[in-house]
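*Asks:* Questions regarding the structure given below will be posed in turn.
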Amino acid sequence: MSSPTVKLNSGYDMPLVGFGLWKVNNDTCADQVYAAIKAGYRLFDGACDYGNEKEVGQGIARAIKDGLVKREELFIVSKLWNTFHDGDKVEPIARKQLDDLGLDYFDLYLIHFPVALKWVDPAERYPPGWTAPDGKVEFSKATIQETWQAMESLVDKKLSRSIGISNFSVQLIMDLLRHARIRPATLQIEHHPYLQQKELIKYVQSEGIVITAYSSFGPLSFIELDMSSAHNTPKLFDHDVIKSTSQKHGKTPAQILLRWATQRNIAVIPKSNDPTRLSQNLDVTGWSLEQSDIDAINGLDLGLRFNDPLNYGIYIPIFA
Ligand SMILES: NC(=O)c1ccc[n+]([C@@H]2O[C@H](COP(=O)([O-])OP(=O)(O)OC[C@H]3O[C@@H](n4cnc5c(N)ncnc54)[C@H](OP(=O)(O)O)[C@@H]3O)[C@@H](O)[C@H]2O)c1
């Protein structure tokens, strides 16, 4: 099974379905990446912050060595962490991340959050996280314009084929588009039936930027983190609308949630540690929900966000 692709404004084709690498444990990561490539995944969504890029690189290297895939058939995504927003810090960290991955270019490199934090030397702490060891948040003065210009120079130097953003609001994107020499190819956002962000998606798609949804299963990913709001929210898989749509189409609730996105040209990057679920999550194109199914799921919006720094006890209210 493989995924269809979507054309980016950079001219490159991006798989509509990929594999998410957040919370993939270091000891199993290389094997999981290898297994995912074997199952047909071509896009891998990683980040400095996930702390597993060396292992991701090992899985990729083994799959290439064994002839499962060629580098140019893969679509490798990574992200710039908040502590590397200063203009002169972007290229060095991108090069370190590429080195960890054993690659010479990213297919797509995203600004992970519109939050500039004080630089942390990777030799001292890596990945650096949100706070200093004493729990304090220390900001940098880098503007999004300064960071974006450094991102653009990664494209000029062929270190990344496309560049994009994540967790940005419409206000920030409007500002970014006023100065961008290279437009963002994608915006990656939390998106599931409980957090639909309809106007953000409409605006961004109208600007020719592809949306990638993360945490497509809503609270599930955050139950793993023991987040109280996730524990207190009914699971999407148990919701009557999702369950009945699942029975109607003979697909799992997970597949319904992913198809609800891909059918609207929104890319998805589910993460699974389980081989059966991993294959199942790839089978979310090539069959269709009816408009009435989509309308019913559209009716579940609660404006409920889980991946907010505030929910991790960090006072950076970017989504206020
Ligand atoms: N840009 C950002 O700020 C940001 C933030 C969050 C996530 N992301 C990206 O988005 C990716 C996906 O989001 P996510 O990791 O939050 O969570 P997710 O993919 O929505 O959910 C993962 C959870 O769902 C379970 N699961 C996966 N497939 C399943 C299936 N078919 N049936 C039942 N359960 C299933 C997994 O358990 P098992 O592993 O046991 O199957 C895990 O508990 C991340 O890995 C990361 O790459 C980006």
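Keep in mind that glycine also has a Cβ here, set from the backbone N, Cα and C atoms.
What TrEMBL records for this protein is below:
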type: DOMAIN; residues: 18-300; note: domain 'NADP-dependent oxidoreductase'
type: ACT_SITE; residues: Tyr50; note: active site, proton donor
type: SITE; residues: Lys79; note: site 'Lowers pKa of active site Tyr'
type: BINDING; residues: His112; note: substrate binding site
*Asks:* So what pLDDT does the domain 'NADP-dependent oxidoreductase' (18-300) average out to?
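*Replies:* Averaged over the domain 'NADP-dependent oxidoreductase' (18-300), per-residue pLDDT gives 97.
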*Asks:* Helix, strand or coil: which one is the residue listed as 'active site, proton donor' in, per DSSP?
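*Replies:* Assignment for the residue listed as 'active site, proton donor' reads helix.
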*Asks:* Translate the DSSP assignment of Lys79 (site 'Lowers pKa of active site Tyr') into the three-state scheme.
*Replies:* strand
*Asks:* Counting only other Cβ atoms and using a 10 Å cut-off, which of the recorded positions Lys79, His112 scores lowest?
*Replies:* His112
*Asks:* Is it possible to get the count of other C-beta atoms within 10 angstroms of the C-beta of the residue listed as 'active site, proton donor'?
*Replies:* 22
*Asks:* So, three-state DSSP: helix, strand or coil for His112 (substrate binding site)?
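*Replies:* Reduced to three states, the DSSP call for His112 (substrate binding site) is coil.
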*Asks:* Whole-number Å distance between the CA of Lys79 (site 'Lowers pKa of active site Tyr') and the CA of His112 (substrate binding site)?
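*Replies:* The Cα atom of Lys79 (site 'Lowers pKa of active site Tyr') is 5 Å away from the Cα atom of His112 (substrate binding site).
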*Asks:* May I ask for the distance between the residue listed as 'substrate binding site' and Tyr50 (active site, proton donor), taken between their Cα atoms and rounded to an integer number of Å?
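*Replies:* Cα to Cα, the residue listed as 'substrate binding site' and Tyr50 (active site, proton donor) are separated by 11 Å.
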